[in-house]
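Engineer: Below you'll find the structure I mean.
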Amino acid sequence: MLLTTINDPQDLKKCTQPQLHTLASEIRQFLIETLSKTGGHLAPNLGVVELTLALHYVFDSPKDKLIWDVGHQAYVHKMLTGRREMFPTLRQYKGLCGFPKMVESPHDVWETGHSSTSLSAAMGMATARDLKKEKNHVVAVIGDGALTGGMALEALNHIGHERKNVIVVLNDNEMSIAPNVGALHNYLGKIRSTENYQWAKDEVEGLLKSIPAVGGKLAHMAERFKDSMKYLLVSGVLFEELGFTYIGPIDGHNMELLLDTLKTAKHTKGPVLIHAITKKGLGYAPAEADSVKWHGIGTYKIESGDTPKSAPTYTSVFADTMMKLADEDHSIVAVTPAMPAGSGLIPFGQKYPDRLFDVGIAEQHACTFAAGLATQGLKPVFAIYSTFLQRAYDQLIHDVARQKLHVIFAVDRAGLVGADGETHQGMYDVAFMRIIPNMVIMAPKDENELRHMMKTAVEYKGGPISYRYPRLPTRGVKMDEELQVLPIGKAEIVREGKHVAILSFGHVFEIAEAAVNQLQEEGIKPMLVNARFCKPLDEELLFRLAKEGYDIITVEEGSEMGGFGSAVIECYSRAGYHGMNVQIVAVPDYFVEHGSVKEQRQEVGLTADHIAARVRSLMPISKGVVEA
């Protein structure tokens, strides 16, 4: 097997061009077989096999800098840079990361996870190279979806203005393609940038005719992103006006064409943009047929493509409840930044196509767009992953909270997220939202309470409000028939107890409850509280606990710094209860890497055993006090 002889890009350079085709086939087979056992981002990587081989064949990594936007399509890059044998540990605890990781290899020159960052990083590296008078190439690979992000467009503007030697490879795959005819064929006549275009023209035209969905994709994006995006992707003129030499569109699976194009770009002065058309999931029929499903996948059967049946999740409960609420209240609309499937909003969009707004990878715009909707009496539900809400922080403060607008933040993937690791952990939403005036922050103990919080949010009249929920299966609790409006800022005492009160915020209630059950078998009976709200806190309850002499343990799956526990401590400090003993069980002040949620919780101490041990240490007998 030729692939087993490739342990470094220098090994790849010894291959003949015909051998590269053999390698491409072997790599696809390796990906399909390995990911069937580990799960991972299959479709994106099947789509960049030839492109990745060509990049490492033409350029000299790590001297030449290869940057992968988002990074989920870097598996082939990892295979070619000495990490093939680590793939059985992909995305597992202490195993191979699913994204570029500098500590893994000097060939990973930039760590990614969020989209649209590669071009800014490339510009920084190219500028540093020039200041240091070094000689190397900087190449950024970015998808057509990520290119719509404002940060990427800002970087294009800067690169073009400075005329830096940066090569941008636009990986135009089928993630957003609709099956109708578009204007890409006419686009070919406008390309004038390289000498190799004339001999490649007939081949490229044949490619486009053989993939009719490409034109449909551009038409679809033109419709979604109006004239600006049509101008961007249907015409190379804009890139050239920005200062780039534009090459393309080319077949991103034609090895010879890729090699020639990259060599041309390598010797072109100034910024270059190569527009490569690739097919997501190429080489595995199920992934080609449904690139959305196979973008990120769990384990599967290779022959059939069957995946294990998944249990109901908090996201699916959110999706069902959104439909119920929208049926009753026609002012409810949904906003998502390119995540309608992940956020569970596809059924909502099918039933209410004029009430779902997918604005693309544009979190800042999405947040202020929702604010604009709210000024006109609509009730926008901004469905966004916790990790991506970080990208709209100024808009959250300046455009939503400051104006006290009724925008509902449905914060999905809150807490530890497992295999996607540190770039996707939902650790910080509570901390960064808690300090914003006018904001209400909720977190349910289970899926039934999530539904009530969703009802509470749409009925709330006081400004912005949020609820956070995890990327986890539901608990399977009984669901109430009628949705209730919860009193703002009021906690729920689930079990009365003595000496110690456990205040649980959010879905970690299950862990706190397990700790209490364990302790009760030992005759220890702490109070168990479902906090429900981080802002406003239930101060009446907190002051009662202080007056009655309770020690307090707060439990949350979020940042220890600035989170729910910090809010409790601050509350006591403001009220003058300076002697209160409040211990925080949360995620410590470091980035938690990939693994299962169970393993991550064990690492950070978010377990029933850990909480129970904390409680025991606070009981009177542990302090040397004998109860009467």
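Along the chain as shown, residues are numbered 1 onward.
Cβ coordinates are placed from backbone N, Cα and C, and glycine is handled just like the others.
Since this is a predicted model, take the numbers as computed values, not measurements.
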Engineer: The thiamine diphosphate site in Swiss-Prot lists H72, G113, H114, S115, G145, A146, Y284, E363. Which one of N157, N165, N173 belongs there according to the record?
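Structural biologist: So, going by the record in Swiss-Prot, that would be N173.
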Engineer: Give me the CA-CA distance between D144 (Mg(2+) binding site) and N173 (thiamine diphosphate binding site), in Å, as a whole number.
Structural biologist: 7
Engineer: Rounding to the nearest whole angstrom, report the longest C-alpha distance spanning H72, G113, H114, S115, G145, A146, N173, Y284, E363, listed for thiamine diphosphate.
Structural biologist: 32
Engineer: Taking the Cβ of H114 (thiamine diphosphate binding site) as the centre, how many other Cβ atoms fall within a 10 Å radius?
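Structural biologist: A 10 Å sphere around the Cβ of H114 (thiamine diphosphate binding site) contains 20 other Cβ atoms.
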Engineer: For H72 (thiamine diphosphate binding site), which DSSP three-state class applies?
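Structural biologist: DSSP call for H72 (thiamine diphosphate binding site): coil, neither helix nor strand.
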Engineer: Which residue, of the binding-site residues D144, E363, has its CB surrounded by the fewest other CB atoms within 10 A?
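Structural biologist: Sparsest of the binding-site residues D144, E363 by Cβ contacts within 10 Å: D144.
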Engineer: Report the member of H72, G145, N173 (the binding-site residues) whose C-beta atom has the most other C-beta atoms within 10 angstroms.
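Structural biologist: Ranked by Cβ atoms within 10 Å, first place goes to N173.
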Engineer: In DSSP terms, helix, strand or coil for H114 (thiamine diphosphate binding site)?
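Structural biologist: H114 (thiamine diphosphate binding site) sits in coil per DSSP, no helix or strand.
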